[in-house]
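Q: For reference, TrEMBL lists these features for the protein:
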type: SIGNAL; residues: A:1-15; note: signal peptide
type: DOMAIN; residues: A:34-253; note: domain '6-phosphofructo-2-kinase'
type: BINDING; residues: A:Arg260, A:His261, A:Gly262, A:Glu263, A:Ser264, A:Glu265, A:Leu266, A:Asn267, A:Arg310; note: substrate binding site
type: ACT_SITE; residues: A:His261; note: active site, tele-phosphohistidine intermediate
type: ACT_SITE; residues: A:Glu330; note: active site, proton donor/acceptor
Amino acid sequence: ATELLFSLLMKITLAVTHTHTHTQHVLQHRASEASVPQFCNSPTMIVMVGLPARGKTYISKKLTRYLNWIGVPTKMFNVGQYRREAVKIYKNFEFFKPDNEEAMRIRKACAAAALKDVTAYFTKEQGQVAVFDATNTTRERRAIIISFAKEKGYKVFFVESICDDPEIIAENIRQVKFGSPDYVDRDIDEAMEDFIQRIDCYRASYMPIDDERDRKLSYIKIFDVGNRYLVNQVQDHIQSRIVYYLMNIHVTPRSIYLSRHGESELNLLGRIGGDSGLSPRGQKYANALATFIKGQNIRDLKVWTSHMKRTIQTAEALGVQYEQWKALNEIDAGVCEEMTYEEIQENYPEEFALRDQDKYRYRYPKGESYEDLVHRLEPVIMELERQENVLVICHQAIMRCLLAYFLDKPADELPYLRCPLHTVLKLTPIAYGCKVESFFLNIEAVNTHRERPVNVDINRNPEEALQTVPDHI
Amino acid sequence: MSITDKTPSNPRELTQNPLKKIWMPYKNGLPEKTHISEKGLCMTNCPTLIVTVGLPARGKTYISKKLTRYLNWIGVPTREFNVGQYRREFVKIYKSFEFFRPDNEEGLKIRRQCASAALNDVRQYLTEEQGQVAVFDATNTTRERRETIIQFAEQNGFKVFFVESVCEDPDVIQENIVQVKLGSPDYTNCNTEEAVEDFMKRIKCYENSYETLDEVLDRDLSYIKIMDVGQRYLVNRVLDHIQSRIVYYLMNIHITPRSIYLCRHGESELNVKGRIGGDSGLTPRGKEFAKNDLKVWTSQMKRTIQTAEALDVPYEQWKVLNEIDAGVCEEMMYEEIQENYPLEFALRDQDKYRYRYPKGESYEDLVQRLEPVIMELERQENVLVICHQAVMRCLLAYFLDKTAEELPYLKCPLHTVLKLTPVAYGCKVESISLNVDAVNTHRERPENVEVSRMSEEALLTVPAHQ
């Protein structure tokens, strides 16, 4: 017998089948459980290919971060890491010489260990995508991986990065290799010298993916940091999304500024949502923001707002062109729009508790969840990747989602990230991550950050529920 | 773009546009548009010229038409310019492939003129008719011809993006010819064998002078080379957002035969009572639906899920397939909307595509949120989409190339499945009525859409309900 049950947390209807196995009564979810369609059937291995200092790890980390953010459980397996654990101390490039049999043995063992962990990730940890980050520069090594994947039923998608521009390579080495554990006690020139010889060790045996012989493989070749791409045999949705993402990212230095609107009238009253205008302090912030931005001397700054009055009023003070995005609108609190937390507790105590239990997945009645927000912000992220200097004037929940993407925060931390009013966050990509600078523009504002209370049970009493509500009028 | 020294102590007043509910600055009671670009994305700064490249029967016109349809649907004004069409208007009667022989001076002269005429129309469309993208559909197989186009674009400030289709599979080429060439005006008076033979010779005329886009010689151009109907792609120098979207779209479409089935949920309790939106259960009548063997997608609203459950197959729920959010008008009858929000009701009739319900959505918003559905439908094969009236209208408009004005009035009755099968350059539609009675939910645009109209005039076209 199948029943339709309504999930109170996510506000979705699921078909459950009651089946009896021996003495147990099991509920089986037949339809998709998540609030977004599941696009992965078999697990997928993304396999990097390329000489050292071609951006493989940069791509691997970024791709992993993006996939996790959009809800596809992904993990990266860096074979160099395994090697560092096996061979505690790195002496010099000689380790990588093709005739160093001892080292070859170790390196093969490391790759095998990494593949073993890939299997564990897929079978025991519900992973969907594994990014296998290593040079994988020989056909032999790639054949081993293909055979491994075939045996286990995993799909394989290769990402090869090809670049011969000596300046780019030198810059790569400067940005990420000098900080590597391998070179921690070396001076810069020594390290550079050693690394270049390391690259040479791979060069002789490097066989790029061959367009003829490998025409049945699924892959993307990235030439010269994105000038040109060759895409072959894209098999499914996730590979298509990966290709689209890889084709939109770039390495040109730039900064992304995130800010909320100035304090609003409803903020002052402790009410959530709505479409109110700025309070006098909020207006002051808008002016301060204009001064701040001017002082940053940003080249070609794009300014984005939501469709809501408070972000637009904030942008107006800048005196420049801005674009309104509906996708940047604050989370829709449905029936709770414009309520205070006290009112939510009074009218919807169960909802209030459910939200504290799982703030990421919780959907307001007739409203949205943080999970929904991520889904609607994906085109914003994609465009942010394409752009250079951008100032995004948005809202608390929105800013948390965007910040989580840039700072690789998991779903359970995302809804509790601190994004106070009247504070600009400047994000600058650096090495494998993002530098964050926080600028409080010295205009007082209410605090709108509500921490998770200790008691999240439905049967808690109002005081326990309201313990962490920030002050308001 | 620099921040001006404007004193910020007099911030501009904002007013909310009553139709689209967009906040805009105004002065002396009139909206000022200087600082705002709306709809979330300024897709193009300068207009873009997409130029197809390839031998005959490589799918250039198929791609041109499909791309044009997609771009218009997502709101980028686009038009295609097929040089073959210009040639047919000029040379009234097509005799044979000899017209295309490289040594046919008269023919070459005419063809060059046709290309020029088409480029002239492109210029007019992009500079005087607010077009944003023009698709220049011709073989463009020589570097010389492409150079002419590049110069034309440079003179006019247009960006150029080439789309080359390369294919040597004889089966695919044969199939192309059968699907679209035999029906061409060029071959109305030929039998199949004659037509195929002539067309093959026509292709041969181009082959000797064909210069494919070269990785080295053309490395500064922006292009995508599609090889073997999508097995492989070479993408070079994507310059901006719209080119990136075009590449993504072209990489997701395929030509494997399949059908897409669109239908609404079974009749619901709210339908019967004449109420819009909401999340209710099905009436007894609504539970009779044919079973099928497809990928099935529903929204997250109970009535589509109940409908899918009856099919007893796995299905996927998409939140973006939810019905249009009627905001403050959710669960109201049209009579109630007229009584409580007569101004809104009139504005909606004035521009149903762009009209946004207060705290709700517009059809224009729907199209934007449905774009990932369309992209995934392009990737998939046989799919049944169980959705809602406004959503179905948007999807149908995409497949049948309906304009924004027509879209909100497309007929999508309950208990009717529309089967869409791509054929030639378009889509065949079969309407399958399930012979189960249901209430009518289609409200035509009334004659009087003035804000000052009377209630009776507003409610003239409301369909009957309990």
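Glycine is treated like the rest: Cβ placed from N, Cα and C.
A description of the local structural setting of each listed feature is requested, covering burial, neighbours and distances.
A: DSSP assigns A:Arg260 (substrate binding site) to a strand segment in the three-state reduction. Taking all protein chains in view, 29 other C-beta atoms sit within 10 angstroms of the C-beta of A:Arg260 (substrate binding site).
The local packing around A:His261 (active site, tele-phosphohistidine intermediate), expressed as other Cβ atoms within 10 Å of its Cβ over all shown chains, amounts to 30.
Long-range Cβ neighbours of A:Glu330 (active site, proton donor/acceptor) (same chain, at least 6 residues apart, Cβ-Cβ under 8 Å): A:Gly273, A:Ser306, A:Met308, A:Cys394, A:His395, A:Gln396, A:Ala397, A:Ile398.
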Q: When you average the Cβ positions of A:Arg260, A:His261, A:Gly262, A:Glu263, A:Ser264, A:Glu265, A:Leu266, A:Asn267, A:Arg310 for the substrate site, which other residues in that chain have a Cβ within 8 Å of that mean position?
A: A:Ser276, A:Gly277, A:Leu278, A:Ser279, A:Gly282, A:Leu421
Q: Looking only at Cβ atoms, how many others are within 10 Å of the one on A:Leu266 (substrate binding site)?
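A: 21, counting other Cβ atoms within 10 Å of A:Leu266 (substrate binding site).
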Q: So what sits near A:Arg310 (substrate binding site) in its own chain, CB-to-CB under 8 Å and at least six residues off in sequence?
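A: In sequence order, the residues whose Cβ lies under 8 Å from that of A:Arg310 (substrate binding site) (at least 6 apart) are A:His261, A:Gly262, A:Ser264, A:Asp275, A:Ser276, A:Gly277, A:Leu278, A:Gly282.
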Q: What is the Cβ neighbour count of A:Gly262 (substrate binding site) at a 10 Å cut-off, with all protein chains included?
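A: The answer is 30 other Cβ atoms.
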Q: In Å, how long is the longest CA to CA span across A:Arg260, A:His261, A:Gly262, A:Glu263, A:Ser264, A:Glu265, A:Leu266, A:Asn267, A:Arg310, which the record gives as the substrate binders?
A: 14
Q: Take the Cβ of A:Ser264 (substrate binding site) and count every other Cβ within 10 Å, whichever protein chain it belongs to.
A: 29
